[in-house]
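A.B. asks: Have a look at this one before I ask anything.
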Amino acid sequence: MRRFAMIAVPYGWLAVLFLIPFLIVFKISLSDAALAIPPYAPTMKDGFGALLQGLDFENFVFLTTDDLYYKAYLSSLKIAFFSTFFTLLVGYPMAYGMARAPEEWRATLMLLVILPFWTSFLIRVYALIGILSNEGLLNQFLLWLGVISEPLVILNTNIAVYVGIVYTYLPFMILPIYAALDRMDDSLIEAAEDLGCSRMSAFWLVTIPLSKNGIIAGCFLVFIPALGEFVIPSLLGGSGTLMIGKVLFEEFFNNRDWPVASAVAVILLLILIIPIVLFQRNQQKQAEAEG
Amino acid sequence: MKRLSPFNITSLTLGFAFLYLPMILLVIYSFNSSKLVTVWAGFSTKWYGELLRDEAFLDAALVTIKVAVMSSALATVLGTMAAYVLVNGGRFFGRTLFSGMIYAPLVMPEVITGLSLLLLFIGIGMDRGVLTIVLAHTTFAMCYVSVVVSSRLVSFDRSLEEAALDLGCNRFDAFRLVTLPIIAPAVISGWLLAFTLSLDDLVIASFVSGPSSTTLPIKIWSSVRLGVSPEINALSTMMIGIVTIGVITASLVSKRKSLNAQKDAQAAERAA
């Protein structure tokens, strides 16, 4: 009996507050918008027969006819892809430096990477506004140096979105790569060098392949949340920044078109399934290799 | 022999500067007396005073803390149960679905989680307020707790629990008296994670909150959308300060614990 309760309580909680809500989203994505409360039709009150008849794929057809939506999906994929790449470019050298740092520094360096993770996400994005705006500290600094004669427009462009994603997701990239590099046996590098590899080629031929799993894990940990990101494009991006999380939010709150917002969510999930499954496989492979 | 090359030192310095400069500048400018946030006009703490007199902010902070306390406590209990079931539960009907429901919220975009929960609450006619935010936060936070706790449970020696059962404990007592104390550090870090996630959440709370239940992130969001403001700088500084003190204390405590454990081990070796 106790075993049953132990399973049933968390199971039931997740079924009611995770699974069913998701099924509702799916159902509403097949409904029609209506000027009613709630603003869609048919509802459960119309009876089961009317419910089944009233559902169709109209909203999904609508998403393909209005090019705002596929542009937003494509632009989200592009922004998530390139910002993951930039995060890797910044994060790998840092993880590498941490793994080579003296033993007594490592705990402190680790703490410095983790600290931003505990700090409010919203505040970290907000901190960038004061730096990147036209009168911001970066422009003031560059003008003072004389590198530029007019302020650079960074805030409210896609560049600011890239900076924002790299800045906020950097710890997610550094930690798995550092974990992989930390486990690596250094004598392998020495062996490669003894066998005539230069420092550079030992790095490319030994270190990079051995940290491959960390790189893959880090990239997925950045790419997956970046794809559905809402706060960064809304605060740092401009009116030209199209990201699907932002489109969904606006469709729901500003246009109050719940069925279309639900259809946008369903497609976003379908797109996300691919990287999520690949990520799971990578994690499993890694767990098997270690175990 | 490991040695830091100039390249390593440069990448670490630049990388940490990139991570920390924006926050450090934010802290410095919170003490700026000018209303214009990018022009330095002398040291002042007046924005902290204004912030502490702003009742809307204080109310939002109170709501946020209430939500975080309740949802993190619930999430810790449910998440620990879920982790125990996942690791030690054996086979049961729908196990794959269960583990899927534990991992899916971790990768689910917040906009979708928020949207789906709101549609549920509206569907069952539940008024939006503190309770709906607590339910929403508990749901995603319990998944994080269960991941943290199950990683500890995997390495837990089950024969200890079996010994307790042999000695006459029932399953619940064995869990309470043997398993729980051993996994306690993981449960505590899970709870801390759940608490922080709840304090931090903007997107899900925006969907499921009602007019009388504005949380601090929602309040910050609505004023940040209008641009940088000195009060928000002051508020951010206070939040950054609390987190920094908390994280540093936690790491010092765990360092001291591991030092003590080392000493104990050495003493035991000498005695033997």
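Glycine too: its Cβ is placed from the backbone N, Cα and C atoms.
Curation plays no part in TrEMBL annotations; they are all automatic predictions.
As annotated in TrEMBL:
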TRANSMEM  B:12-31  transmembrane segment
TRANSMEM  B:60-86  transmembrane segment
DOMAIN    B:61-253  domain 'ABC transmembrane type-1'
TRANSMEM  B:98-124  transmembrane segment
TRANSMEM  B:130-154  transmembrane segment
TRANSMEM  B:174-194  transmembrane segment
TRANSMEM  B:232-253  transmembrane segment
A.B. asks: Look at every Cβ pair spanning the transmembrane segment (B:60-86) and the transmembrane segment (B:12-31), keep those 6 or more apart in sequence, and say whether at least 3 of them are under 8 Å.
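C.D. replies: Between the transmembrane segment (B:60-86) and the transmembrane segment (B:12-31), contact is absent.
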A.B. asks: Six or more residues out from either end of the transmembrane segment (B:98-124), which same-chain residues have a Cβ under 8 Å from its Cβ atoms?
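C.D. replies: Cβ under 8 Å, 6 or more out: 82, 85-86, 92, 132, 135-136, 139-140, 143-144, 146-147, 201, 203-208.
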A.B. asks: State the residues, same chain only, that lie 6 or more residues beyond the ends of the transmembrane segment (B:130-154) and have a CB under 8 A from a CB inside it; answer 'none' if no residue qualifies.
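C.D. replies: Same-chain contacts beyond the flanks: 63, 66-68, 70-72, 74-76, 78-80, 82-84, 86-88, 102-106, 108, 113-114, 117, 121, 179, 183, 185-187, 189-191, 193-194, 197-198, 201, 204-205, 207-210, 213, 215.
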